[in-house]
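Record features (Swiss-Prot):
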BINDING   69, 70, 71, 82, 86, 87, 88, 96  substrate binding site
């Protein structure tokens, strides 16, 4: 699959690397904080960060997901403000990353720092069918915590 992209910040692909897969087994392309200067997030702060690029998936069978980088969350409490960003196949605007400092210490993001990852996933649009009832299943209406702790 080829993913169309546009560079919106001239530093991207010049002094700051374009997104790429770190290894042959990597699922996500690293997205970078294309801020103009270091940005300090105080505990509890959220900030919408530009990535300097836009994409066009151009296939309704796929979508993009912006996911956090595990090290930033575990070591520093830096996570996505919206937990997961969903990029529809027909979206063509700049990719933005909602960054939230849920940690106890201020954290400074440097220009070009990797802040999230983009994963392309298959999706299916469904046709809704209204029914009066469902055929019985083993789980039924059991919800949160229904299967217990094992």
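Yeah, the Cβs are placed from backbone N, Cα and C, and that goes for glycine too.
This view paints the features noted in Swiss-Prot onto the structure.
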residue: 69; record: substrate binding site; Cβ within 10 Å: 19
residue: 70; record: substrate binding site; Cβ within 10 Å: 10
residue: 71; record: substrate binding site; Cβ within 10 Å: 10
residue: 82; record: substrate binding site; Cβ within 10 Å: 13
residue: 86; record: substrate binding site; Cβ within 10 Å: 12
residue: 87; record: substrate binding site; Cβ within 10 Å: 20
residue: 88; record: substrate binding site; Cβ within 10 Å: 12
residue: 96; record: substrate binding site; Cβ within 10 Å: 15
Query: Which value in Å gives the longest Cα to Cα span across the substrate site residues 69, 70, 71, 82, 86, 87, 88, 96 as recorded?
result: 26
